[in-house]
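According to TrEMBL, the protein has these features:
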DOMAIN    278-448  domain 'DNA primase large subunit C-terminal'
BINDING   Cys287, Cys367, Cys384, Cys424  [4Fe-4S] cluster binding site
REGION    456-508  region 'Disordered'
COMPBIAS  468-480  compositional bias 'Low complexity'
COMPBIAS  481-493  compositional bias 'Polar residues'
COMPBIAS  494-508  compositional bias 'Acidic residues'
Amino acid sequence: MEFSREKRLKARLAGDRRGDLYPHSLQFYLQPPTENISLADFENFAIDRLKLLKVVENLGVSYVKGSDEYKSRLEREIRKLKFPFRALVEDDYDARRKDHISHFILRLAYCQSEDLRRWFIQQEMDLFRYRFNELNGDLVEKFLKYVNLSYGAISKEVKEKLAVQLLNSTPGLSGAKVEELEFYKVPLQDAMDLFRVRRVYLLNAFAYVPQTDIVAIVLNNFRTKLSKALALTARSLPAVQSDERLQPLLNHLSHSYVGPDYSIQKNIGKISLEHIDALSVKSFPLCMRQLHKALRDNHHLRHGGRMQYGLFLKGIGLTLEQALQFWKSEFIKGKVDADKFDKGYAYSIRHNYGKEGKRTDYTPFSCMKIILSNPPSQGDYHGCPFRHSDPELLKQKLQSYKIPPTGITQILELVKGMHYQLACQKYFQLTQDVDDIGFSLNHPNQYFAESQKLLSGGREVKKEPSEPESSQQKLSSQKSTNSCSIPISSNTEADTELEGLDAYFTED
């Protein structure tokens, strides 16, 4: 049952105790929501939070966390998606409600595997860190009480008495800074990480932690609780999945893509077969460039490659007639004669275009589908090179494509951290000669479209001013080996439809 506007209006007239549900803009998400919402809200809330977490991941790799640029871009996205963005704003019930409900929906979707849990925890922690650092001293204390962390700020008198000890035991603080900052009295067992690196003053089994470091302790507490909660959610997931309304949504939320499905070909008929070789170098993402080269070299692709590359070519504008001509002209150069192609392969291409079988208009694969499904085996060329290639082979491939050594190092660092789509974004930057691509890359056809805009002058080239910290230093300082790139989508039918297409591509 959905809460109606009338019921909400009555609640306001009755005294509006909604603030009791969310007294603070920040929380540990300890209590699940109990209200009923519509399936539309269920999906929309979840997709908006996925968009936000994806932005958190992208910004965390592109900028130094906590820098002015990082904070301004993240606040802009939080505002746009209507999540709580300022702790001082008290009248933001709808934003707090959305924040609460959407977090628990994604728990259901992201508890299903260790990789998903790891990614979800990392992004939620980064989002939490940003929000916590936006709190002033009074709100920090209010929040600590709200989550039952008894870390009280010491009085001015105590701070003056311990000023010398606090200054000597807390690196990087001046006397004026010690006087300005709040210090919290924290049980030693909760501050062991700071104690190990000699960053706090100890007295009678308590650590005196400055406000700048209290976030590390609170984050550790948040991570522990969230990790346990995800494990418990995974155990109860079968009961939730038995609901036929939720099961399809949850199955797709963890690896879906939000954006155009590229089934509508805006450039239909505008791509010439003679130009594909040149386009593969200028505007194809690495996965499609790899497939195109393998097809030209071997005059054949196995079914996984034909599906991935064929749908991509359909998405960039190849007509059915062009596709038949393209594949036939290449296959007959190998071991397939014209008659065998017409009998064994032409049907699957027509099926691809919705002219056979169920006549479904199949859509090109998103990055997520390529990364997470049907990994390549020996003799295959499909998949994501950043996800499925050996790092040394990937390095050699990038060198052969004239990627500069510094760029290769940056890409390999992203791959090592399992940021596969961000590695592809870096490849885009290096091959298209831009410093800020201005979008989050989630689809091979998106890569092609954005490249064509740049080459045709339809998109402004963004060059950022040089910063004192190099990109490599950013990658080193923000390196997180515990997270992976997960794209997002709302197209829940496409993957199901594609399952039926596999049967038509099984012949090698």
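Just so you know, the numbers here start at 1 and follow the chain as drawn.
In case you wondered, yes, glycine gets a Cβ from its N, Cα and C as well.
The average per-residue pLDDT of the prediction over the domain 'DNA primase large subunit C-terminal' (278-448) is 91, rounded to a whole number. Within 10 Å of the Cβ of Cys424 ([4Fe-4S] cluster binding site) there are 27 other Cβ atoms, across all protein chains. Apart from Cys287, Cys367, Cys384, Cys424, the residues listed for [4Fe-4S] cluster, the same chain places the Cβ atoms of Pro285, Leu286, Ile370, Ile371, Pro385, Phe386, Arg387, Tyr420, Gln421, Pro444 within 8 Å of the centroid of those Cβ atoms. The 10 Å shell around the Cβ of Cys384 ([4Fe-4S] cluster binding site) contains 27 further Cβ atoms across the protein chains shown. Within 10 Å of the C-beta of Cys287 ([4Fe-4S] cluster binding site) there are 27 other C-beta atoms, taking all protein chains into account.
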